[in-house]
Structure formats: structure tokens, C-alpha cells
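Below: one structure, written as C-alpha cells.
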């Protein structure tokens with residue numbers, strides 16, 4: 001059946017299901033959603049269960065839009081009068097193409113109202129469909145730009161969503177009794193190595209790419225996944241790209257796909273979309289500063305944003321005729337997800353953990369380990385080696401306090417190189433609590449680099465944070481990221497002031513592996529004095545200055561200024577990683593429900609993936625593989 | 001460097017190497033060969049070692065052609081006068097495009113002369129390059145047609161060979177220090193099953209398909225290899241197809257490639273080219289008779305023949321910038337080969353056994369088990385199960401004699417369904433010797449179906465037979481296939497005469513699994529009498545009538561006539577298979593030189609491939625895999 005015919009049939013079915021008097025005039029796909037047009041949006045709003053019942057019966061995500069839109073000025077006044085002032089509305093935007101009114105508010109919950117009552121009220125009184133987004137408690141340039149860009153390109157985006165929707169809901173060509181079914185997994189990177197994540201799932205119907213990242217520190221063709229093999233190139237054959245999280249070893253090459261012909265969707269969380277865009281822009285910036293030719297321009301980052309279909313955790317979404325995707329919390333960084341695929345209407349289920357953390361951290365809940373069905377698991381193995389046991393977060397924090405106390409007591413300054421996204425926020429929360437509870441001496445904590453922007457993103461998407469932190473911010477009205485102890489460094493003047501002041505302090509600055517960024521200037525000036533302290537809290541990649549100093553080098557050629565002599569004390573505090581350690585990895589498999597038939601250990605050094613695979617097999621009697629890059633496994 | 005520049009450089013190099021006074025006017029690639037044009041072919045012929053030295057220095061297969069050709073009438077007389085009458089010349093053909101004169105003779109050796117002396121003589125005296133082919137001792141329609149067709153299409157073929165030669169010798173795009181090398185093996189069929197052989201070897205430079213067969217007895221998409229996956233489709237991306245042998249489970253879908261865009265070479269032995277063409281034509285015929293739509297027409301079989309580049313055993317041949325192919329005797333059927341690939345100038349070596357037999361048979365030498373280098377082996381496993389031990393050929397023959405003796409003594413007729421190619425000739429040789437040595441009673445052996453033509457092919461290509469048989473035919477002048485005991489059945493009248501005669505006899509007829517062909521008519525008439533005997537000597541596929549009768553069915557619905565009641569005696573004589581049995585398979589790995597790092601067990605039922613893989617690993621500590629279809633393994 002053609003899509004047109006199917007839509008017509010759907011319209012008839014819906015008209016039979018809706019109460020007498022309600023008329024559905026049109027049905028259209030927009031991405032994975034089904035949009036119902038009606039003359040009578042108010043009745044839809046009134047009948048609370050109607051949309052839910054339709055969605056369940058048709059097994060589709062449903063959106064209702066009015067045919068005739070109310071006057072925007074009247075609607076504006078109506079919204080202002082219906083929504084309590086405590087909601088803190090900061091922007092109202094009417095999208096005449098979608099019939100949606102975007103309400104940006106400091107407290108989205110107040111706009112939504114109890115059980116969505118206020119929203120329904122708005123629909124009934126204005127005819128517009130309200131969509132609520134949070135006003136970032138800390139202003140975020142990224143979010144502002146992304147929202148602005150999506151508004152500007154809404155025509156293109158609507159056209160894209162319709163095209164994409166029709167492609168998702170196309171007829172299956174591969175039905176029939178004598179057709180052999182199959183499901184294949186192809187490894188395009190990230191096997192027996194950390195970096196350049198890229199995996200392909202393919203069936204006779206469809207092809208999905210999971211992640212497309214860079215290999216930090218690698219050069220030439222080894223820095224990108226294998227994108228020139230026939231399984232994936234030309235990119236026009238791809239149905240979808242799924243992005244598990246924003247870190248560049250998973251996201252850096254996603255915009256490149258748009259440069260070379262891909263024009264389909266990227267499925268990811270809204271938080272990952274924004275964070276990835278921020279990191280990709282920075283990636284271009286770093287490339288430019290290092291006189292490298294970046295593989296794409298900011299145009300392609302905009303294409304990535306424009307083509308992203310944002311999904312929340314738990315949204316079961318059709319992404320191809322025979323594929324459903326559900327994202328689940330991975331506990332690694334903001335918006336990070338485990339991607340679960342239901343293939344062929346339940347024929348086979350496979351989950352990609354992406355990077356994950358299987359314990360509650362200050363920021364996130366532990367990764368989800370329960371799935372409706374699961375035959376295969378692609379599992380990261382960064383700390384999969386038999387010796388890779390990390391201290392608990394609590395032990396790590398105590399050790400961090402101790403080292404800072406020692407330094408501050410002797411009048412020194414503490415320099416902590418950290419990644420902008422994830423580690424910095426964990427550190428901030430630990431330090432804030434330490435100060436608040438008197439476990440640390442009073443001193444300033446300076447944040448330099450992209451940390452402020454990354455932190456803003458965290459508070460703009462509190463639904464990805466764990467309950468405790470969310471409650472602290474929104475119920476108890478205490479945002480620890482805004483605590484007095486923190487001070488953002490915004491100028492070169494300020495930086496110099498911090499460096500040459502006599503006051504002890506803590507400086508958290510990017511980059512996390514001392515490979516550039518403002519941290520180098522601090523290091524160059526603080527390294528001289530034995531009173532000062534350099535603390536490593538994250539993984540230092542091979543070949544980075546961080547790794548060299550950590551190994552004991554006491555003179556490193558940094559930047560163009562020549563070498564820096566390291567007299568300051570150097571300590572490594574383990575236990576702040578966002579990756580599951582060996583114990584967590586084994587526990588994760590133990591507590592997985594249901595148990596998969598096969599586990600693939602990926603995203604780890606060769607020996608670690610092999611060790612983890614072998615240990616899982618021995619302990620849980622699950623078939624395991626530590627694949628190589630460029631292999632294809634037949635799953636069905 | 002462009003091909004043109006490289007050829008110019010080669011010309012200069014050659015001109016520096018040839019003796020003073022000899023001039024090379026042009027150098028051109030034709031398929032894997034390098035053709036040297038000269039005004040002075042006589043000097044090239046005189047300097048015996050010149051071509052060999054050039055070939056060694058340039059690492060190319062070299063052919064020399066004159067610029068100016070002698071008068072053909074004079075040349076004809078010259079050849080007739082130089083070659084002794086005993087050569088039995090049956091045809092002389094002058095190809096003005098290549099400057100070759102094709103001499104067809106009953107005794108090619110006499111035309112060639114001692115150390116090629118007569119050939120050189122012809123070159124020196126006529127300027128034409130002589131090429132000698134054997135006049136088939138038994139007339140073969142196939143060979144006649146193939147030779148005729150290749151003559152008719154020589155212009156097209158020359159154009160194809162030039163295009164192909166330039167493609168083979170193109171520049172490598174994938175050199176450079178930061179480029180990652182890889183070699184991948186993709187299974188497109190024939191894994192954990194017998195049938196639809198098809199494997200793909202790929203590197204960043206090139207792609208080669210090994211075999212492309214049907215799955216006998218399967219229907220719909222399961223009857224062909226997986227040809228719609230991106231690794232192989234579109235077929236225009238293929239550099240080469242290599243065909244290990246002619247049986248349809250390896251060759252049936254090769255012509256299909258030409259229907260869907262492939263226009264590159266097929267590398268195989270001349271014997272396999274001709275035998276495959278014969279079997280493919282019969283395959284179309286069977287399809288038509290069964291009212292099926294065949295996947296291609298005889299046009300595509302002609303394309304296959306036209307695009308075949310015939311190689312002898314041991315010819316090391318460039319087939320892509322980074323691939324060299326060598327075919328070795330596989331001992332399975334006429335022209336059957338083990339395909340050995342040298343990848344990336346020795347970086348990696350992999351051999352595909354195709355179907356093989358690792359013991360001397362009446363027809364062939366045992367499969368080759370020594371290679372210059374070998375990292376991986378793709379090994380057939382038809383009889384790879386732990387119980388799959390066959391009797392020796394000697395035991396099998398004794399048992400066959402016994403069963404025939406019993407039947408003939410009681411005045412019955414023996415019916416042996418057999419495959420036209422391979423099994424029939426083995427049986428013929430065994431029976432002929434039995435008669436000659438008085439181990440069998442005197443009676444006629446009737447051959448019906450394609451057996452005669454297949455036998456003709458065997459004697460036209462004696463270089464593929466083992467020494468004993470070749471000596472018997474050509475040195476001792478005794479061709480056992482022409483023995484008096486054999487009589488070809490050419491007419492329906494003759495068939496009826498045999499059936500209704502009272503004389504005991506042996507009938508060998510196709511098809512080998514009772515799935516059609518003249519054997520059905522014999523069966524329908526001979527089945528009634530308990531005096532008669534049905535002997536199975538070959539594998540009976542699941543679902544065939546042969547398998548049913550073998551299992552004990554005594555009434556089978558055959559053809560459109562209704563059912564046949566089986567009163568005749570039914571016996572199975574094992575040991576005539578052309579496949580290595582379990583003992584041979586294990587011995588093959590034991591005697592392999594050098595030992596490979598990995599063995600893939602393919603072309604066998606699931607349990608047998610797994611059993612064989614596991615046994616090889618346990619006994620020889622070689623890493624083994626029993627792959628599934630549609631998987632890709634990274635070899636480098």
C-alpha cells in the first residue's frame with residue numbers, strides 16, 4: 001500500500017474512533033509522529049483520554065493540530081492570564097506552521113499544570129497547541145542559539161519531518177514467506193580501541209548508524225571511523241543515525257555525514273543535541289587553532305541540529321519500517337543514553353550502552369539495566385580490565401578534599417584540568433558540598449573554559465539529572481552550581497589576577513588532558529612553585545601532556561613558549577570517572593534483565609575488551625565476543 | 001602515475017633490456033598479460049630466454065606480437081610443412097587482431113616440438129605467434145561452440161581485455177603511511193549449508209567474488225547467494241570473479257552478474273569455463289522444462305564465456321593492484337581449482353579450497369596442499385562430520401563389481417543415476433577396468449544424457465587428468481572412455497530397445513538425484529522387476545526422489561505419469577564421492593604447508609562445519625571458525 005493510501009485509511013479509522021461531532025480533516029506523518037488535523041482541537045483537549053487511546057490503538061505517537069488558528073494577540077493575552085505568574089514565562093512564540101505555541105518559562109511545571117490541566121486549558125481557549133520549554137536558570141548561549149535556529153528554519157524542518165515520516169512509514173519490501181530475514185551488526189570503529197565509535201545495524205529493509213565519533217590523538221584516516229566501506233557509503237542509504245551521547249569520540253563526525261549526502265534524521269536526547277553542537281563547534285575551533293583543516297564547517301553542525309529528532313528517555317519510536325528505538329538513561333553525562341532497538345516487531349532486540357556509569361553519581365541515576373526484551377548487548381569496556389577497580393565516589397571525594405586541604409593550608413593553589421562536560425560538574429558538586437559542610441577551607445573556586453556553558457546546559461535540562469539534585473534545585477530552590485564559592489573567569493585580566501594573587505584557590509579549567517585551552521596558561525605560571533598542586537581526575541590519553549606529567553615528566557614542552565618545568569606537586573585522584581569500572585561492568589551484566597544471548601565488548605583497549613568478554617563468559621555463561629573493527633556479525 | 005605513463009616507462013625499460021637492434025614499438029595490457037609489439041618477432045623467438053627474463057624482471061606475464069603479419073597463405077603452407085603430419089592438424093586459424101595463429105591438432109605436443117622448437121620455428125618463418133589447442137579425441141559440441149564464439153567475438157574480447165588490463169594495473173589509491181590497511185572476508189552463502197557458494201574478499205583497493213552458485217532444492221531467495229547486500233551490489237564495484245569449479249552450486253549464478261551490470265573478468269581454468277557453460281545451458285533447459293522463469297538467458301552465459309580469462313594451474317596472475325591469484329589442482333572434477341590469493345604483495349595469503357578430494361582418484365591427482373604462503377584457509381566440509389568416513393575408492397569399486405555381478409547373473413539390468421560431470425567418468429573408468437580385467441561379466445554399458453559431452457570435455461583437457469590416465473590415453477594410445485563396452489544412447493528408439501531387450505546391461509544416466517532427465521524413463525520401466533538393480537553412487541539431496549527411494553520409499557510420484565512402484569533392488573555404494581571425507585579433511589590440514597593461522601569451515605551442514613572446526617582446533621591448535629552466511633571477518 002502506498003503511504004497516501006495508508007494515511008487515508010488511518011484518517012477513516014480515526015474518524016470512526018473519535019466521538020460523534022469531532023472531525024479529523026487530515027492525517028500526516030512528521031518524523032516518527034502522526035499529526036492529526038482537526039477543526040475542533042478543543043474537543044480533543046476536553047476528551048482527556050482520547051489521544052492516549054488513539055496512540056495505544058494505532059501504536060503511534062500522536063499530535064493534534066487545529067486547522068484554524070486563533071488570533072495570536074488574543075492567544076497571548078489568554079496564556080498570560082491562564083498561567084500563574086509564578087511560572088516565570090520568559091518567551092511566547094507562535095509557530096503558524098505547526099499550530100504550536102512555544103512557551104519558555106522558568107518553571108515549566110507551573111505552565112503544564114496538574115495532570116496537564118493548564119495546557120489543556122490553553123488549547124481549549126486558544127486553539128493553539130502549547131509546547132513548554134525551560135528557561136535556563138543559568139543563561140546558555142548554546143540553548144539560545146539552538147532554539148533561535150530551529151525557529152528560523154521551521155519551514156525546512158517541517159518539510160524534512162514530513163519526508164522523514166513518510167520514509168519511516170513506507171511499505172516493507174521484504175515480506176513474503178520465502179524471504180530470508182536477517183539482522184547484521186557491522187563494526188566501523190571503537191573495537192579494541194577507545195574512540196571513533198560507529199556501528200551499523202542493517203536488515204533487508206533498513207540501515208541505522210549508531211554514533212560517529214573521532215579517535216582523540218589519532219591522525220589521518222585512523223581518526224575517523226571507517227566511513228568509506230560499502231556497508232555505509234553512500235550515506236544516502238542510511239535510514240537513521242542514533243547518537244548515544246555528546247562526547248566527541250561519539251559525535252564529532254556526525255555533521256560530516258551531512259556534508260557527504262546524508263539528509264536523514266539523528267535521534268538523540270535534546271540535551272545531547274545541544275551539548276554535541278557546543279562540543280562540535282569547539283572541535284572546529286580547536287582544529288582551526290591548530291592549523292588543521294576541519295572535516296566540516298559550522299554549516300554541517302547546523303544541519304545536524306536541524307535534522308535532529310529529539311527523544312526523551314523511554315519514548316518508543318518507529319525509526320524505520322522494521323525498527324523501533326528507545327533511549328534509556330546511561331548515567332554517563334548529561335543526556336547520555338543507552339540505545340535499545342526492537343527489530344522486526346520483536347524478532348530481535350539489541351542495546352548499545354554507549355558510555356555508561358552503573359552507580360548513582362552526584363548528577364545522574366545509574367544506567368538502566370532492565371529492558372522489555374534483549375537478545376544482544378553492545379557494551380563499553382573502557383575499564384574492563386581485570387585490575388580496573390576504581391575507588392567509590394565517596395572515597396574519591398574524601399581524597400580530593402584531603403589534597404585540597406593540604407595545598408590550601410600551605411598557601412598553595414590547586415589546578416584541576418577537567419573536561420567541560422560531566423567531570424567538571426561532578427567536581428563542582430563535590431566541592432560545593434565540601435565547602436558547605438566545612439570539609440574544605442573557605443577559598444574561591446575558579447571555573448575557566450567551556451565549563452560555565454556546559455553547566456548552564458545541565459540546569460536547562462534538569463529532567464536528566466537525578467532526583468536529589470533536581471529537588472535541590474527546583475523544590476528547595478538551591479542551585480549548587482550557582483553557589484558563592486564559584487567564580488567564572490571571563491577575561492585575560494581576571495586570569496592574571498588569579499595567578500598573581502597570594503590567596504589560595506582551586507582552579508578547574510579545560511582541556512582535561514592539558515592538550516590546549518586556558519589550563520595551559522595556569523600551568524605555565526603555577527608549575528614553578530612547590531606550594532601549588534596539580535590534580536588529575538580524569539583519564540589521560542596516550543601522547544597527551546597530561547599523561548606525560550602523570551608518568552613523572554618534570555619538564556614538558558607546552559605550547560609555543562618552550563618548556564614548563566614542573567615543581568608543583570602532582571597527584572592523581574581516581575574515582576571521578578563517568579565510566580563503569582570493572583566491578584560495575586560485571587554487576588551490570590549480572591543485574592541485566594532479561595539476560596542477553598550475546599554480549600559484545602567494545603570501546604576499550606584490546607586486552608581489556610578481551611579480558612571482559614572472557615570473564616563475562618566464564619561467570620555468566622553468556623556468549624561473548626570482543627569484535628575487531630570492520631567485522632560483520634549476523635544476529636538473526 | 002597514469003597507466004599511459006606507466007606503459008611508456010615500461011616500453012623504455014624493455015627497450016633498454018632487449019639486445020641491440022631489436023625494437024619494441026608498443027606495450028599494452030591485455031587482461032593480466034603484457035603484450036609487447038615488435039617489428040622483429042623473429043629475434044624474440046631466436047633469443048630463447050629473452051621473454052622469460054623480461055617476465056621475471058618485470059613480474060608480468062608477457063606475450064610478444066609482431067607489428068607486420070606475414071601473408072596467411074604462405075604462413076599456412078609454412079606451418080603445414082614445418083609440423084610433422086603425425087601432429088594431426090585439424091584446423092588452422094589466423095587471428096589478424098592478435099597476430100596469433102590458432103593450430104588445432106590431435107597431438108599438440110608434436111606441434112609444439114621439443115622445448116617449443118617447432119613453435120619458435122613457425123614464429124621465425126611466418127611472423128605469426130602460434131597457439132596450439134587440442135582437437136578433442138571425442139567430438140565436443142561445447143568446445144566447438146566455445147571456440148567458435150570466441151573467434152566471432154574476438155574484437156569485443158580484445159577491447160574487454162585492454163580495458164580489464166588497465167583496470168588491473170591502475171594506480172593504488174590506498175598507499176601512504178597513515179592509511180590503515182585491511183582485508184575483509186564476507187560470506188554471501190554456503191555457510192552452515194551445502195550450496196550457493198559465494199564469498200567476497202575486499203581491501204581498500206579491490207573486491208573479488210569467489211564463486212556464485214545456486215542452492216539445489218531451495219526455492220525463492222534462498223536458492224541464490226545474498227547478492228543484494230551493499231558489500232557486493234552494485235556488481236560494477238567488483239574487480240574480478242573467480243570460479244573454483246563448474247558445478248552449479250558454485251557456478252549457476254555467475255551469468256546473472258552480467259545481467260545486472262558486471263562487465264569484468266571471470267578467472268577460471270579453460271576446462272571449468274567450458275564445463276560451466278555446458279552445465280549453465282542445461283540449467284536453463286531444466287528451468288524451462290519445469291516452467292520456471294530462469295534468472296538469465298543464454299546471452300548471459302555467452303557474456304560469461306566472453307569475459308573469462310582462462311588460467312592454468314600455477315599461473316601467478318595479477319587480478320587487481322593488490323591481489324595475485326593462483327589456481328591449483330583441487331582433485332574434485334575436471335578443471336576444479338583451489339584459489340590462492342596473495343594480498344598486498346604478500347601481506348596476507350588466503351586459499352579457498354572450493355570442493356576438493358585429497359587422494360588420487362582414477363581421474364585426478366590429490367588436491368594441492370603446499371603453498372608459498374598461507375595465513376587463512378576456507379575449507380569445504382561436506383563430509384566434515386565426525387562419522388563421515390567413506391570407504392576407499394578400491395573398496396567402493398569392489399562393492400560396485402559385486403552388486404553388478406549379482407544383477408547380471410540373475411539376468412537383470414543395473415541402473416545408476418549419476419551426475420554428468422565427475423562421477424560418471426569415475427564410474428566409466430572403474431567399469432572399463434573391471435571388464436578389461438574380467439572382474440565383471442561381459443555386457444553393454446549404456447550412457448544416456450549429458451555424460452557423453454562431459455566425457456568429451458575430459459579428453460579435450462587431458463592436462464587436468466592425472467599422469468596415469470593421461471599416459472594411458474596419449475602415450476599408450478588407449479582411451480578407456482572410447483572402450484567397446486560403452487555405448488551412447490542417442491535416440492528414443494535406442495532407449496526403448498535397451499529397456500525392452502532381454503540382455504542384462506548397465507545404464508548410467510542423468511540426473512544424479514532422479515530429479516528429471518532420461519534416468520526417469522529407465523526407472524519407470526525397470527522398477528517393476530525384482531531382477532533389476534538401482535545403485536546410488538552419489539549424494540542424494542534432501543527432498544529429491546533419489547533420497548526418498550534411498551530412505552526406503554517403494555512408491556514415488558515421479559514426473560507427470562503418476563507414481564512408480566519400486567520392486568527392483570536398491571543399493572547404495574559409497575566411496576565414489578568427489579569430496580574429501582572426514583579423514584581426508586583432517587589429513588589435509590595436517591599436511592598443509594605452511595600451516596595457516598585460521599581455518600574457516602564452510603560448505604557443509606551446520607553440525608558438520610562446527611564439528612570439523614572444533615576438531616581441527618583441538619588437534620592442530622589452529623584458530624577455527626564455522627562462519628554463518630552474511631558475516632564479515634577482518635583478516636588484516
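Just so you know, glycine gets a Cβ as well, placed from its N, Cα and C.
When other Cβ atoms within 10 Å of the Cβ of residue A:355 (Zn(2+) 1 binding site) are tallied across all protein chains shown, the result is 27. The Zn(2+) 1 binding site annotation in TrEMBL covers A:245, A:247, A:332, A:355.
Look at TrEMBL and you will find A:249, A:250, A:355, A:603 tagged as Zn(2+) 2 binding site. Summarising the environment of residue A:249 (Zn(2+) 2 binding site), the number of other Cβ atoms within 10 Å of its Cβ, over all protein chains shown, is 21.
Here TrEMBL flags A:195-413 as domain 'Metallo-beta-lactamase'.
Per TrEMBL, the feature domain 'Beta-Casp' maps to A:424-549. Confidence over the domain 'Beta-Casp' (A:424-549), given as mean pLDDT on the 0 to 100 scale, stands at 92.
Here TrEMBL flags A:70-137 as region 'KHb'.
The region 'Metallo-beta-lactamase N-terminus' feature in TrEMBL is assigned to A:182-386.
Residues annotated as region 'Metallo-beta-lactamase C-terminus' in TrEMBL: A:578-636.
Neighbour counts of Cβ atoms within 10 Å were compared across the binding-site residues A:245, A:247, A:250, A:332, A:603; the minimum falls on A:247. The distance from the Cα of residue A:247 (Zn(2+) 1 binding site) to the Cα of residue A:603 (Zn(2+) 2 binding site) comes to 13 Å. It is 14 Å from the Cα atom of residue A:245 (Zn(2+) 1 binding site) to that of residue A:603 (Zn(2+) 2 binding site). A straight line from the CA of residue A:250 (Zn(2+) 2 binding site) to the CA of residue A:332 (Zn(2+) 1 binding site) spans 13 Å. Summarised by DSSP class, the composition of the domain 'Beta-Casp' (A:424-549) is 60 helix, 17 strand, 49 coil.
Those same-chain residues not listed among A:249, A:250, A:355, A:603 yet with C-beta within 8 angstroms of the centroid of the Zn(2+) 2 site C-beta atoms are A:190, A:194, A:195, A:197, A:211, A:213, A:244, A:245, A:247, A:354, A:380.
Looking at residue A:603 (Zn(2+) 2 binding site) and residue A:355 (Zn(2+) 1 binding site), their Cα atoms lie 8 Å from each other.
On the backbone, the CA of residue A:355 (Zn(2+) 1 binding site) and the CA of residue A:249 (Zn(2+) 2 binding site) stand 10 Å apart.
Of the recorded residues, residue A:332 (Zn(2+) 1 binding site) and residue A:249 (Zn(2+) 2 binding site) place their C-alpha atoms 14 Å from one another. Residue counts for the region 'KHb' (A:70-137) under DSSP (helix as H, G, I; strand as E, B; rest coil) come to 32 helix, 19 strand, 17 coil. According to its DSSP assignment, residue A:249 (Zn(2+) 2 binding site) is helical.
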